[in-house]
Amino acid sequence: MDGYQMMEMLSEEFHRICLGSSKKRSALYSTGCEKVNGCTNSDDVNVDVNGVQEFSPGQGQVLPILEKVIHLSTTVQELKRQHSTLSGEMSGLKTSFFADTEVINALQHLSEDHERLRLKFLKVSSERKQLYNEVVELKGNIRVFCRCRPLNMVEIGNGLGSVIEFDPSQDHELQVNCSDSSKKQFKFDHVFKPEDNQEAVFAQTKPVVVSVLDGYNVCIFAYGQTGTGKTFTMEGTEGNRGVNYRTLEELFRAVEDRRGIMRYELSVSILEVYNEKIKDLLVDSSDEPPKKLEIKQAAEGTQEVPGLVEIRVYSTAEVWEILRSGSRARSVGSTSANELSSRSHCLLRVTVKGENILDGHTTRSHLWMVDLAGSERVGRIDVEGDRLKESQFINKSLSALGDVISALASKTAHVPYRNSKLTHMLQSSLGGDCKTLMFVQVSPSAADLGETLCSLNFASRVRGIENGPARKQADVSELFKYKQMVEKLKQEEKETRKLQDNLQSLQLKLGAREHAYKSLQEKVWTNLLYGYSLSTSVSWRC
Ligand SMILES: Nc1ncnc2c1ncn2[C@@H]1O[C@H](COP(=O)(O)OP(=O)(O)OP(=O)(O)O)[C@@H](O)[C@H]1O
């Protein structure tokens, strides 16, 4: 029972007792009713002239009533005292609250500042996005990196030397020593030497992958002969993680960085294209035959694969396991796991849903990371039966990919996406505003010279059409200017975020004070009302 309920009960009790007492007095003095003989205990009964019995306190009850009256008077006094203390507290709080005009004014200013900064931030964000996009575009929407693996133990043991030379002053060039003693020069957007590690590779890749958070579709693929390091570059190993894992790690980092401004949802799918059939690598197909997956055109013009598993990911910790399980499923059912892996295209798709908290703008974009099938020519492998069929499918899809990239780079009206499952699936992420990055992987071994030249020629065609030397020359100074602008905008973005945090904490403080004030006010009013009614009742009844 709380204080108010107790007061209420006491008030009723008091009222009942007083009413009984007053009725008794009236009966005694105005109607002349007589006390019934023999009724001497405390529950005396009076009988009026009409024979109606009425409860009335006898002499033995007067004392308890008086005691109760005294007790109630004390309670009322106590309540009055509490009320006056609370009133005092309330008026003190009222004074301090309203006297604190500085805080109120500061909050008003902050509120205005917040609105101004919010608008500025939206403008700056959209400029940043635009500039960032321009920077990536200036570098080329289709970019080609070349990575050369080190000679392996077998090659060294066989006394094979490297046919590839790197000029230390040229990050973008390599030279191949041909068998006829001639030299062939190749130029790419970046060349990674055998000693370049996974960090160095990702440092160059990062600007492209982050575009997916701004709503751009991105496609990265590793192309090259079997054993040249496509899987090493894309997947890597537990202690030497590749582009796939590092990309997700970077995306989580950037998502955290943009918290409070953008809300993101990241999910991953892993699939394989083998002999022009799509297989979901995140489905356990050991129990039942795998579901047939097809590419469908969605209403908004994007390509979707209905039924493809998408796993929502929240942190890098769970990503590695998902990537490993996808990779394990890739080799299931193969008599020679490594060979099958090189005969299929493995695709990791990251779907990013973004929402700008400030203006409600939403985006949905895909980032594809593709470990392509080995590009070696049919002549070098077994050309009978299933292997011949596999090789034909691989050749067909790789040349379809080459055709698509060439068509995009030369801006022809028709882009032949539908010539293979691979290019059809990647349609929404190749061309237009999308960023494409190709890793051409090569072996330095003299034994692989022919394949190395084939891969480098293919990659040069992909790159050459898009980035003519004249355009690249003109872009360098512009690029520098844009880089500086992007840095400045990033700084402004940081400051805006800091101000927003300050405003938020001030708003919280104000809310807490308002709440305390309101609850105190309520308490005072309730006490005032109950105390007043009780005191009135007591003084009136007494
Ligand atoms: N840059 C590198 N540094 C060190 N080791 C490398 C590098 N690139 C490749 N390797 C090693 O070479 C071997 C073959 O690499 P990997 O399996 O990645 O080639 P691949 O092109 O994906 O082959 P496949 O087409 O069969 O899938 C692996 O043992 C890998 O660790």
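Any Cβ shown, glycine's included, is placed from N, Cα and C.
Unlike curated records, TrEMBL annotations are generated automatically.
The following features are taken from TrEMBL:
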type    : residues                                       : note
BINDING : G224, Q225, T226, G227, T228, G229, K230, T231 : ATP binding site
COILED  : 482-509                                        : coiled coil
DOMAIN  : 141-465                                        : domain 'Kinesin motor'
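Neighbouring residues of the recorded ATP site, listed in sequence order and excluding G224, Q225, T226, G227, T228, G229, K230, T231, comprise R149, A222, F232, S342, G374, Q441, S443 (Cβ within 8 Å of the Cβ centroid). The Cβ of G227 (ATP binding site) has S342, G374, S443 as same-chain neighbours under 8 Å, each 6 or more residues away in sequence. For the recorded site, T228 (ATP binding site), the DSSP three-state label reads coil.
Listed in sequence order, R147, R149, A222, Q441 are the same-chain residues at least 6 apart in sequence whose CB falls under 8 Å from the CB of G229 (ATP binding site). For ligand 1, the binding-site residues lying close by, meaning a CB under 6 A from one of its atoms, are G229, K230; the full candidate list was Q225, G229, K230. Shown are the binding-site residues Q225, T226, T228, T231; the one with the most C-beta atoms within 10 angstroms of its own C-beta is T228. A 10 Å cutoff on Cβ-Cβ distances gives G224 (ATP binding site) a total of 31 other Cβ atoms nearby, all chains included.
Across the residues of the coiled coil (482-509), the predicted structure has a mean pLDDT of 75.
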